[in-house]
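**Q** Structure below; questions to follow.
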Amino acid sequence: MSRKGPRAEVCADCSAPDPGWASISRGVLVCDECCSVHRSLGRHISIVKHLRHSAWPPTLLQMVHTLASNGANSIWEHSLLDPAQVQSGRRKANPQDKVHPIKSEFIRAKYQMLAFVHKLPCRDDDGVTAKDLSKQLHSSVRTGNLETCLRLLSLGAQANFFHPEKGTTPLHVAAKAGQTLQAELLVVYGADPGSPDVNGRTPIDYARQAGHHELAERLVECQYELTDRLAFYLCGRKPDHKNGHYIIPQMADRSRQKCMSQSLDLSELAKAAKKKLQALSNRLFEELAMDVYDEVDRRENDAVWLATQNHSTLVTERSAVPFLPVNPEYSATRNQGRQKLARFNAREFATLIIDILSEAKRRQQGKSLSSPTDNLELSARSQSELDDQHDYDSVASDEDTDQEPLPSAGATRNNRARSMDSSDLSDGAVTLQEYLELKKALATSEAKVQQLMKVNSSLSDELRRLQREIHKLQAENLQLRQPPGPVPPPSLPSERAEHTLMGPGGSTHRRDRQAFSMYEPGSALKPFGGTPGDELATRLQPFHSTELEDDAIYSVHVPAGLYRIRKGVSASSVPFTPSSPLLSCSQEGSRHASKLSRHGSGADSDYENTQSGDPLLGLEGKRFLELSKEDELHPELESLDGDLDPGLPSTEDVILKTEQVTKNIQELLRAAQEFKHDSFVPCSEKIHLAVTEMASLFPKRPALEPVRSSLRLLNASAYRLQSECRKTVPPEPGAPVDFQLLTQQVIQCAYDIAKAAKQLVTITTREKKQ
């Protein structure tokens, strides 16, 4: 626990003397100024604790000091040791530099962008590389070399990697070898102490069987780290995990007679909000609990920060962290909810924590929901029996009545104005917080629906105006085509259609090229005989593709009609096969399809051109032609043959896979924006893997035609995306590559994948509701 080492400790980021904070996940010590930047990055980048004023498990503090003294900082500053980097102007921050922008930019580049970490020479296949690194980590944790394991983790090794041959995770190996510090490092990077091996034994079992009882007890504490931290935040006590794993504080106020009405909200709305918390799925409840855990960490660090800083110089708006930073791995909705936790006052936040602890205990023990009125009556009876000696009680439970609070945190907890009672109810106080959050989300959704309705109305007006213009131009075009002479007798509609498609002498011309919408390049196949106005109506779509992906994926309950006007039959659901004459891949048809794919958003005023030989195909049909010509469809599409299966996966699973697809597409789009064409191939492999996993959720032969159509489009687009991305590598060295055209094709394929995924989410949600 001592901070004194064999050599003087300095800040890892600016070399300031006597650092007071530690970054647990990076294994370095930092000064106050640099710590303010670390806190603004978020726990997903750097987990910080004060060395003297925060509560530390002894082995965790020993792990941090071991890494710091053994040069863990060189992992994050590897390239700065290269003289070439010094000559290029890249340098480390100094203590005299300003926090903003010099220190902050350096720290963000160092830990968030990993700009100075040693890069592996070959990154073509990230999946194979990560697997090899994880196997090295699996072998290294049996030794005491922490720096090697941290270096492997920084390069992408997985702390929860399950070795396929040995049937264990790295934490199993560290527990068996008694490597406590290695186990601490693995847990910091997400290793699960309760994960079973191939025989169902956990790392805790390994440690006990090897005689490492202290390590086994520490792993149990790590397994209950979340609930222990929440309980310790409220009352300064933790369960000993021998008599029980949970302490459930209860709000109380002994100094007032009307304590129950002031400490608990007994309204019907509060009871409904409590029931909604209990009705959450395990995954959503875990996410909520982790978000509250991060908020507890932020508030505790805030309290230490305000107690230790010189308020006249350091405590400024820039150094403060008023809410949880954005985590790009989470959805926008979850990030907004995480930031709103900072608006809870102390009493509201304590009530939310009690509810989470009660619900966690109930779920872990498998108890059924109890009546809230029974709990309230029991709480009221216990409240009337309390003495009136203190305003605030320490909190204990029936399963841990003999444990004393930690001495290092006792003084801090006594200064908190919290009202606690000794109780071990499996159901805590009813709170309004969940109801308020849902109410705010509902108001936001309603406002968005109103806005979309207005946009829909304006687009409908614009559509009608365009239809009138098209009819007018069509009439003028017909007049210009008529040769001078006697007026011909009126013809039937079918004859007029033939006259439009046929020129003098029976020769066919290209049909009128319509202005393809930039919002919906993937237009569906249209039936014959439709007017150009109808075709434009089916092709118009009011939103950009990126908006469509975000709103459609994460707001699946909003009616699809509010997002777009386009309706029609997709290319994959046309009742004729690719081998039919309608979809025959002639040379000119292929060239025309390629041209339409490249100029999908361009408009042309040449109304005298007609299409030769090809029916009215949308862009989606053209892409279907290209796939048939180039690759004769991917074999994955053939797997959809077989008996009809009416089953559908759960909406939750489909949304999870869709989020993974969207995340990989966003990574590909970032690479395109940054002109990182060498990243196209690995990104397309990730997208193809995510698409394959998503398609595997559905039956081989779905009964619903829309599902089959969407799956065909999803698989075909993913396969075409791979083919386009492989074109970044020229077949011959030095051969020119049109990266601008290639990028357009890649973005188009990515859009088609996102659209197909959105359709599957919408269909699954609709079918599950019926």
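Heads up, the Cβ atoms here are built off N, Cα and C, so glycines get one too.
Quick paste from Swiss-Prot:
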- 1-124: region 'Interaction with gamma-tubulin and localization to the centrosome' (REGION)
- 166-195: repeat 'ANK 2' (REPEAT)
- TYR224: phosphotyrosine (MOD_RES)
- 254-376: region 'Interaction with ARHGEF7' (REGION)
- SER379: phosphoserine (MOD_RES)
- SER384: phosphoserine (MOD_RES)
- SER397: phosphoserine (MOD_RES)
- THR401: phosphothreonine (MOD_RES)
- SER419: phosphoserine (MOD_RES)
- SER422: phosphoserine (MOD_RES)
- SER545: phosphoserine (MOD_RES)
- THR546: phosphothreonine (MOD_RES)
- TYR554: phosphotyrosine (MOD_RES)
- SER601: phosphoserine (MOD_RES)
- SER605: phosphoserine (MOD_RES)
**Q** Over the region 'Interaction with ARHGEF7' (254-376), work out the mean pLDDT and round it to an integer.
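**A** Result for the region 'Interaction with ARHGEF7' (254-376): average pLDDT 78.
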**Q** Can you give me the same-chain residues 6 or more apart in sequence from TYR224 (phosphotyrosine) with a CB-CB distance under 8 Å?
**A** PRO239, HIS241, HIS245
**Q** Provide the three-state DSSP residue tally for the repeat 'ANK 2' (166-195): helix first, then strand, then coil.
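**A** Going by DSSP assignments, the repeat 'ANK 2' (166-195) contains 17 helix, 0 strand, 13 coil.
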